[in-house]
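Novice: One structure coming up, written as C-alpha cells, with questions to follow.
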Amino acid sequence: MRIFVLNGRKINDLFYRVTLLDCCSQHHRCGMTRNDPIKHFFIWPALLIVLIISIFPLIYSLTTSFMSLRLVPPMPPRFVGFGNYAELLQNPRFWHVAWTTTVIAFISVALQYVIGFSVALALNRNVPGEGLFRVSFLLPMLVAPVAVALIARQILNPTMGPLNELMTFFGHPNLPFLTQTRWAIGAIISVEVWQWTPFVMLMLLAGLQTLPDDVYEAAALENASSWQQFWGITFPMMLPISVAVVFIRLIESYKIMDTVFVMTGGGPGISTETLTLFAYQEGFKKFNLGYTSALSFLFLIVITVIGLVYLAILKPYLEKHK
Amino acid sequence: MSVRDLKGNGRWWALAGCLLWLAFTFFPLYWVAITSFKSPLGVVGGPTYVPFVDFEPTLTAWRELLSGQRGQFYSTFIASTIVGLSASVIATAVGSMAAYALVRFTFEVKLLTGVIFVVVSFGGYLLGRHIAGLGQATSLIYAFVAALALAVGSSRIRLPGPILGNDDIVFWFVSQRMFPPIVAAFALFLMYTEMGKLGFKLVDTYTGLTFAYVAFSLPIVIWLMRDFFAALPIEVEEAAMVDNVPSWRIFFGIVVPMSKPGLIATFMITLAFVWNEFLFALFLTNSRWQTLPILVAGQNSQRGDEWWSISAAALVAIIPMVVMAGLLSRLMRSGLLLGAIK
C-alpha cells in the first residue's frame, strides 16, 4: 500500500515537472517570467557596454570594406564598391585558407567532443581518484594560448624535443612536426584538443549532474545494458547542451590565431594559414585595411552560414527529444 | 552503491582512460616546469627529464626574469592582476544581472527597433564623417546617441513586424563573439586613439583595457549564468514574491547566495580569459598597462629560441591561474557548475 502511495506521488511529481518545463519553453504566457520595470535596470548596463564596444568595429569595418584603403604607402580612401569582395573571392589563397581553417576547426572540435564526453561520463560515474582528476583536467583551459604554443614548439622541436626522442626510439628520427603540412596541421589540432577538451568536459559534466537518477533506476530494472542506457537516455538528454557547447567551440575554433601564429607562422608556405592569420597578414603586414575588412565580413558570413546549417540539421533531433 | 557507480571491468577501463588523459594533460606542464630550471647548455644538449638525475637544475632563468633583465616583469604582473581581477568582477556582476533578467522577466523588442538602431547609427556616422566633416569619434558619439534615442523612442509606439523575445536577445549577445577579433581589436584601437584626441586617453590606460575586456567577456558570462539561473528552483522566489519582497532584494538576497558556485565558476572562466588574452592587449597597450601574454610572446621574438627563459616567463603566466583554480574549486566543493544546486 505504501509503495502505491509513493508511486502516486512520484507520478504527480513527474507530471508537475513536465508541466513546468512546458510552461517555461513558452516564455510569454508563463507565470514564471514577471513583468517589473526593474528588469530594465538589470539589463541596460550589459546592453550599453556591449553596444558601445561592438558598434564601432562593425561600422568602421563595414564602411572600409567597400573602400580601397592602404596605410603604407598612404593613399586617400577610394570607394570601390564590392571590389574587395570580388578580388577576395577570386583569390585561390582565400579558398585555401578557408579550407584549412575548416579542417582544423571540425576535426579538433569533433575530437574535443568525443574525448570530453567520455571523460565527463567517467567522472560522473565516480571513477577512482575522481576528485584529483576533476581539478587537474581543467588546467589546460587556464593556460594562455601563447604560452601553450611556445611549450608545444619546445616539445615538437625536431632535434631537441622529447617527442623526437620517443619517435627516434620507434625508428623515426627527426620528423618534421612543424615544417611539413600534414604534421603541422596535426600538431595544431593536438594543441587545440589539449587546450579546449577541458572546456567541453566541464560543460558536459555540469549537464550530466543534472540528469535525474530515477530514469537510470528504471532502466536498470529493465536490465538495459550501459550501452543501451547511453544511447537511449544519456545522449538524447544531453543533446541540447551538446549542441550549445559544440556551437561555441566551433565559433571559437574558427577564430584560431595566436596558436598558429606562434607554432608555424602559417607555414610551410601558406599551408597552415587560418582565416584570422590571413587577415592579420593583409592588414598589419601590408596595411591593406579595405581588403582585411572585406575578409572579416566574408569570415562572418562563412561562420553564420555554418552555424545556421548546423542548427538546421540538428533542429529535428532537438524537437524530437524535447 | 548508487546507480551512478561503475561496476566491474568498466571501472578499471575508465580509470585507465583517465590516467592516460592525465598523462597527456600533465606532460607539457611538467616539461615547461623543468625546462625553466635548465641551463642553456642543458637545453641544447637534448631532452632530459628528471632534475638532479638527468641534469643539474639552475636558477639562471628565474634570476634573469626576476631581476628585470627580460622586460618590465613586476609592473607587467601587477597590471595583469589589476586588469584581470577588476574586469572579471565587473563582467560577472553586470552579466549576471542581465542573465537573471533574461531568465525571469519577459522582454519584447521589435525587429524594426533594431533595424532603426543599425540604420541610424550607420547613416549618422557616415553623414557626420563625410558630409558634416566631423571627426571619427565625434560623429560616432552623435550617431550612437541619436540611434539609441530613436530606438528607445520607437519601442514606445506601435510598430509592425516580428517581435524578438528573450532567446533572441541572448543569441544577439552570444553572436558578438562571432566577429573576428583582429578587426575588432584594430577598430577599437582606432576608436580609442580618436577618443584620445578629444581628451579621453584610452589607449594604454586602465579604463580602456578593462572596458574592452568587460565588453568581450559579457556574452560568455550571460550565456553561462543564464543556464545556471534557469536551473534554480523557482519556488523560493515565488514565495518571496508573495511576501512582496522587491525584485532587487530577491536577486541580491536570495538568488546570488544560492548561485555562488555558478558565480565562482563563471568568474574563474572570465578571469582565465582576460588573463590569457593576447590580441586586445597587443593593440590597446604599449608600456604602462602591458599584460603577461605580451611579455611571454616578447621573450620569443626578442631573443630567439631561448627555451629556459621562455619557460620561466610562461610559468609566471600559468602559476597564478593554477593556484586560483585550486582555491576556487574548493569553494565549489560539491560539484563544478550545476552539481551544487541539485
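Placed from the backbone N, Cα and C atoms, the Cβ positions cover glycine too.
Per TrEMBL, transmembrane segment is recorded for B:12-32, B:73-103, B:109-128, B:140-157, B:169-193, B:205-225, B:263-286, B:307-328. TrEMBL lists B:125-328 with the feature domain 'ABC transmembrane type-1'.
What's the neighbourhood like for each of these?
Specialist: Long-range contacts of the transmembrane segment (B:169-193) within its own chain (CB-CB distance under 8 A, at least 6 residues past either end) are made by residues 98, 102, 107, 109, 136-137, 140, 202-203, 208, 212, 216, 218-220, 222-223, 226, 279-280, 282-284.
Same-chain residues lying 6+ beyond the ends of the transmembrane segment (B:205-225) with a Cβ under 8 Å from its Cβ atoms: 82-83, 86-88, 90-92, 94-96, 98-100, 102, 170, 173-177, 188, 192, 259, 262-263, 265-266, 269-270, 273-274, 277, 280-281, 284-285, 288-289, 291, 337.
The list of residues near the transmembrane segment (B:263-286) in space but at least 6 beyond its ends in sequence, with Cβ under 8 angstroms from a Cβ of it, reads 79-80, 83-85, 87-89, 91-92, 95-96, 181-182, 185-186, 188-189, 192, 202-204, 208-209, 212-213, 216-217, 220-221, 224-225, 228, 256, 292-294, 297, 317, 320-321, 324-325, 328, 331-332, 336-337.
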Novice: Is the transmembrane segment (B:109-128) in contact with the transmembrane segment (B:307-328), using at least 3 Cβ pairs under 8 Å (sequence separation of 6 or more) as the test?
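Specialist: When sequence-distant Cβ pairs are counted, the transmembrane segment (B:109-128) does not touch the transmembrane segment (B:307-328), since fewer than 3 lie under 8 Å.
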Novice: Using a Cβ cut-off of under 8 Å, list the residues of the same chain at least 6 residues beyond the transmembrane segment (B:12-32) that approach it.
Specialist: 6, 311, 314-315, 318
